[in-house]
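S.K.: Quick paste of what TrEMBL says about this protein:
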BINDING   C130, C134, C137  [4Fe-4S] cluster binding site
DOMAIN    116-339  domain 'Radical SAM core'
MOD_RES   K342  N6-(pyridoxal phosphate)lysine
Amino acid sequence: MITRSPALLQRPDREVRPLAIAASWQTQLSRAIRDPRELCRRLGLDDAWLPGAEAGHRLFEVRVPEAYLARIRPGDPNDPLLRQVLPLAAEGSPASGFVEDPLAEADHTPAPGLIHKYQGRVLLIASPACAVNCRYCFRRHFPYEENSPSRAQWQQTLDHLRGDASILEAILSGGDPLAASDRRLAWLVARLEAIPHLKRLRIHTRLPVVIPDRIDGALLDWLAATRLQRVMVLHINHPGEIDDAVVAACERLKQIGVTLLNQSVLLRGVNDDVDTLAALSERLFEAGVLPYYLHVLDPVAGAAHFDVPDDEARELVAGLREVLPGFLMPRLVREIPGEASKTPL
């Protein structure tokens with residue numbers, strides 16, 4: 001069992017500005033900032049940043065919930081949390097090797113909303129929506145309109161799972177699966193757990209990080225009720241993303257027996273130094289979450305400015321190994337299209 005240090009948990013990584021309005025997670029989602037001008041104004045950024053933000057927004061719209069905005073330092077365009085969500089003109093600059101479908105997922109979609117690349121597990125696009133639009137997202141060009149099945153269309157996907165007894169794990173992804181309603185998710189999970197050979201339910205999500213109130217009683221009810229083993233993989237790249245509300249959300253999940261893991265992306269200007277990565281692992285463990293993967297950037301068009309070369313990534317991990325115990329070391333990996341699993345670097 002993961003234990004936490006209460007003293008460490010009470011020490012904030014940065015000042016968090018209080019939210020003016022308490023609202024349901026659905027309301028928070030609907031009120032997320034979707035205008036680059038408003039984002040720049042709210043954070044007190046110089047007007048010189050606005051043209052680039054608007055140019056990047058035209059390629060991939062900005063979306064930032066208030067709960068996440070409150071953790072960003074005003075007036076600092078280099079804030080590592082802001083860098084993850086602020087559109088830039090650089091997103092429109094072509095870069096060799098950076099493409100719209102870097103993982104060739106279109107080649108592994110036997111049914112709408114289903115990606116089957118690896119032995120023993122499948123990925124389901126449970127929702128096309130996200131609570132936050134991360135500028136490095138490898139699915140920023142994904143054709144969600146073709147992979148957002150209705151309840152009737154889910155039948156083809158469920159038939160695929162029933163017909164392959166080697167599939168032991170269903171992974172809910174998106175977009176962000178937790179952007180879907182609890183009614184929709186409970187409906188889907190009930191049909192998954194009726195497939196006898198399925199053992200595990202894995203949920204890949206950033207919502208508990210950007211809108212911690214998403215982990216509410218309704219979600220916990222259906223998640224606690226399933227017979228499937230439950231794993232939630234969070235997506236946190238910087239220790240400043242973990243405030244007390246995120247810790248509380250993780251605690252609620254742990255209380256119903258959910259295994260919590262984290263995967264990060266190595267990002268230029270966000271977490272490309274040993275001190276930040278070490279602090280992230282420590283902060284995750286304090287919150288009851290184990291570091292899992294540290295991904296090098298998937299070469300998606302529009303994100304080349306975040307890239308950290310493989311040799312530099314290896315040096316960072318070597319330095320990280322000198323200051324962290326083994327159980328806090330994330331595995332440095334790259335996802336290569338056509339490979340049977342993620343490739344360690």
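Positions of Cβ are set from backbone N, Cα and C atoms, glycine also.
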S.K.: Between the Cα atoms of K342 (N6-(pyridoxal phosphate)lysine) and C137 ([4Fe-4S] cluster binding site), what distance do you get, rounded to the nearest Å?
M.R.: 17
S.K.: Counting only residues 6+ away in sequence within the same chain, which have a CB under 8 Å from the CB of C137 ([4Fe-4S] cluster binding site)?
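M.R.: Looking at Cβ-Cβ distances below 8 Å from C137 ([4Fe-4S] cluster binding site), excluding near sequence neighbours, one finds F60, C130, V300, A303.
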S.K.: Within the same chain, and leaving aside C130, C134, C137, name every residue whose CB is within 8 angstroms of the centroid of the CB atoms belonging to the recorded [4Fe-4S] cluster site, in sequence order.
M.R.: V132, N133, R135, Y136, R139, R140, D176, R206
S.K.: Around the Cβ of K342 (N6-(pyridoxal phosphate)lysine), how many other Cβ atoms lie within 10 Å? Please give the count over every shown protein chain.
M.R.: 15
S.K.: Take the Cβ of C130 ([4Fe-4S] cluster binding site) and count every other Cβ within 10 Å, whichever protein chain it belongs to.
M.R.: 22
S.K.: Across all chains shown, how many C-beta atoms besides its own are within 10 angstroms of the C-beta of C134 ([4Fe-4S] cluster binding site)?
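M.R.: For C134 ([4Fe-4S] cluster binding site), the count of other Cβ atoms within 10 Å is 21.
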S.K.: Please compute the mean pLDDT of the model over the domain 'Radical SAM core' (116-339).
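M.R.: Mean model confidence (pLDDT) across the domain 'Radical SAM core' (116-339) is 94.
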